[in-house]
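Lifted from TrEMBL, the feature list:
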- 1-58: domain 'TECR-like N-terminal' (DOMAIN)
- 133-286: domain '3-oxo-5-alpha-steroid 4-dehydrogenase C-terminal' (DOMAIN)
- 63-85: transmembrane segment (TRANSMEM)
- 144-162: transmembrane segment (TRANSMEM)
- 174-193: transmembrane segment (TRANSMEM)
- 213-228: transmembrane segment (TRANSMEM)
- 234-254: transmembrane segment (TRANSMEM)
């Protein structure tokens with residue numbers, strides 16, 4: 001192997017010798033317990049001498065992230081409609097319960113559908129994935145999470161015995177405005193992050209605020225896309241005043257806090273000049 005060979009080139013060489021292990025299945029490390037080396041890393045720039053021992057681990061069958069997101073987000077979209085249209089096999093009630101008398105139920109369906117349609121559009125046209133694949137086995141776990149919660153939320157929101165929010169239109173209107181602002185913010189952050197890799201580069205860069213006001217949250221947090229995402233589900237909870245939605249929002253917040261802290265630590269580790277004012281997900285707090 002030439003000293004100027006990249007890890008990607010080494011993966012391709014390895015694949016030629018062992019066709020069953022395509023590059024996406026390979027984890028190449030300098031140490032068995034260390035981190036996987038990135039494709040763009042060059043052998044002679046690594047802490048090795050004139051000879052190096054690389055360790056290989058089989059990551060198992062892989063699936064592309066675009067495919068993963070399309071599967072994860074299409075499910076909730078259609079599952080919700082099964083409950084919204086009150087199919088007879090869902091609630092088992094007679095025909096007088098085929099539609100809801102509460103306008104907020106229709107509004108909740110529109111907002112839920114809008115959220116996942118936006119995610120599908122972002123997956124196809126906006127997102128750029130630094131890691132192209134994930135283990136195939138994880139798709140079952142992810143789908144159970146997204147699809148299962150979509151069914152649970154939809155069952156209660158569209159139930160014939162559902163009661164609307166306590167404060168009526170004021171509560172609903174406030175929640176809708178908050179929902180739309182958070183969705184716009186989330187989309188703006190995804191576009192800003194995508195622009196950092198517009199030329200196809202996988203080199204990590206520090207994201208900074210742009211002229212778009214929704215990106216100004218970058219002044220205070222490392223992962224404002226998660227901040228806006230949590231805000232979206234908080235507003236949906238206020239709109240529907242439904243306990244299962246609140247529990248789903250809580251779990252989302254916990255999971256996204258874990259992801260945000262991990263990304264925040266990565267930024268701190270890779271960039272010595274990283275803005276000190278930023279927190280992982282909640283300005284000045286967390």
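In case you wondered, yes, glycine gets a Cβ from its N, Cα and C as well.
Because TrEMBL annotations are produced automatically, they should be read as predictions rather than curated entries.
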Cβ-based contact of the transmembrane segment (174-193) with the transmembrane segment (63-85), 3 or more pairs under 8 Å: no
Cβ contacts under 8 Å made by the transmembrane segment (234-254) with residues that lie 6+ beyond its boundaries: 104, 107-108, 111-112, 115, 149, 152-153, 155-157, 162, 164-166, 171-172, 174-176, 178-179, 182
Hey, which bits of the same chain come close to the transmembrane segment (213-228), Cβ under 8 Å, at least six residues off its ends? 182-186, 188-190, 192-193, 207, 256-257, 259-260, 263-264, 267, 275, 277-284
